[in-house]
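Structure record follows, encoded as structure tokens.
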Amino acid sequence: MTRLLGYVDPLDPSFVAAVITITFNPLYWNVVARWEHKTRKLSRAFGSPYLACYSLSVTILLLNFLRSHCFTQAMLSQPRMESLDTPAAYSLGLALLGLGVVLVLSSFFALGFAGTFLGDYFGILKEARVTVFPFNILDNPMYWGSTANYLGWAIMHASPTGLLLTVLVALTYIVALLYEEPFTAEIYRQKASGSHKRS
């Protein structure tokens, strides 16, 4: 880690922008989704929980594009690491990127659009929590797929800055999950409890 830090200028504007977007994005969608779950104000404003969810998803996607752009610019503005600048490392990065894409896309198809973009906070619930691939091989595959994408991208660019930012991506997801997992579990517990009472 100390060796990586020697390549990184933490005051570089591109690096600062990447750090801000990486940490802001999960905070944004968690705060907005919980506020919606508590107040239903977005659903009322848009006249439908589906429209509200889709509108939030647009902002999340735009923020994710911005995060990826800032991540890439931060890598390009700082030195490459010679020991990573090899065909073998590039191939490893490409494989990680491919794995990440598979996890992200398969998660999206398993969850559906609303499920991917916090639909459960809008009252758009599935019959039960999703357990098909890739959820049957690991928890939170969307987040780990995204992390693999960034890790692969960083290795392909032989970028110590990218590796450090990937660690930050993983840490922000871990912190987000500390809030999201119990909350989602409680939403589905309440749904199951309500179903039992009606039956």
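Glycine is treated like the rest: Cβ placed from N, Cα and C.
In Swiss-Prot, Ser43 does not share a side of the membrane with Gln73; the two are on opposite sides.
Under a cutoff of 8 A between CB atoms, and with a sequence separation of 6+ in the same chain, the neighbours of Leu99 (S-adenosyl-L-methionine binding site) are Gly145, Ala148, Gly152. Away from its own ends, the topological domain 'Lumenal' (34-45) comes close to residues 52, 55-56, 121-123, 183, 187 of its chain (Cβ-Cβ under 8 Å, at least six residues beyond either end). Counting only residues at least six positions away in the same chain, the Cβ atoms of Gly145, Ser146, Thr147, Ala148, Asn149, Tyr150, Leu151, Gly152 sit under 8 Å from the Cβ of Gly100 (S-adenosyl-L-methionine binding site). The C-beta environment of Glu180 (S-adenosyl-L-methionine binding site), restricted to residues of the same chain at least 6 apart in sequence and closer than 8 Å, consists of Asn30.
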